Amino acid sequence: MGLQSAAAHFINRFIIWITIFMVACFLLRLLVVLDLNKRVYNHTPGPCRVLTDNYKGTAGMTYVESQKRVYITLGYGRAHDLKTKTGIAFYKTNRTDGRSQQEMYDLIEMTINWNGYEYKKEFIPTGIDSYSSSNGRVLLYVINAHPNHQCIHFFQIVESSKLNHRKAICDPSFSSLQDIAVVGPDRLFVTNMAAFGRGWAQILEFSLQTGQGAVYYYDGSKLSTAASSLIAPTGIGYDAKRRILYVGSMIRESIFAYKVAKDTTLELLYEMMLLTSPIGVFVESKTGDIWIAAHPVIHESAWHYTHPENQNIHSPSQILRIRIQEEGNSWVTTEPYANDGATISASSSVVFTDEQMLIGSSFGRLLHCDLTHSYIT
């Protein structure tokens, strides 16, 4: 009887110590994820200016080289119960078209012909990408972040500042759509960050790092899972020349590189550790350089996202540039821009072209910077 009692006592103590060890590991991982030890030091690549702060969010951007335009989604804050106008606008990057100094920094809002779409009032655009055909046709693909109508919307630019709504793809698996990367006409990848859309359930999911995120592929007729069991996938970008898909992970603070096969299946090539949480990804078509809009201090970002209406709560912003070397398996990372959140809070999108950089934010303004300090870019 004494031997059985001793064995039971040992088992109980063993279970207790294992439980303490697991809790300690969880707390340690949580502390690392929260970035409690990080600070942000402000710097810019050149003179910067605010293009607009009239909308609660400029969360997504895409560059159409044939038009010299950056298309921008407006009003993401409405998905977090902020009162704001939503829509799509564009910014002209061409500075030699005879416009005045003031006109060079204007945003032009687009009108949308919804063609009878039933839920047009629930349109909250966030992630956006584009496709340009050889005959000059430009298509836009936009994610709707409305909590009850998460869909992918298909548009065609029919006039200079008008959009024609073609269709919408919705699916029960769309719980927290984040970003979109187009690989062909009506062929695209999207990231779904988590099993839960928001709230404490999503926070718990991130804390446990359960890996419920996914990348979905739409081939023009049906939806399929391209990559599963991902931890908080966010921004996504496609390098058409190398056929590489880049997927950011907010919690792992890294970028995954996938080779896109001819049948559009994905093969994981490598993971690039960033030590910051990537939110938006932009790939330069000419160089293949990767530009990343990031949240460098995740606990401040989490507080900002749970209190977006509070103007006194900011989240730092950071832009990284990754230059992939010729051999393709090494890279150089620089930081062209960083801000403590006072100028632009929670950077979520970035575009670079013609020595101009545009930075969008989750709930606030759109920033434009001229890149004149080449030594930091």
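Keep in mind that glycine also has a Cβ here, set from the backbone N, Cα and C atoms.
Keep in mind that this is a model prediction, so the values were computed, not measured.
The topological domain 'Cytoplasmic' annotation in Swiss-Prot covers 1-13.
The transmembrane segment annotation in Swiss-Prot covers 14-34 and is backed by sequence analysis.
According to Swiss-Prot, the feature topological domain 'Extracellular' maps to 35-377. Taken together, the residues in the topological domain 'Extracellular' (35-377) have a mean pLDDT of 92 on the 0 to 100 scale.
According to its DSSP assignment, C369 (disulfide bond) is in a strand. Here Swiss-Prot flags C48-C369 as disulfide bond, drawing on similarity to another entry.
Fewest Cβ neighbours within 10 Å among the disulfide-bonded residues C48, C369: this applies to C48. The DSSP secondary structure for C48 (disulfide bond) is strand.
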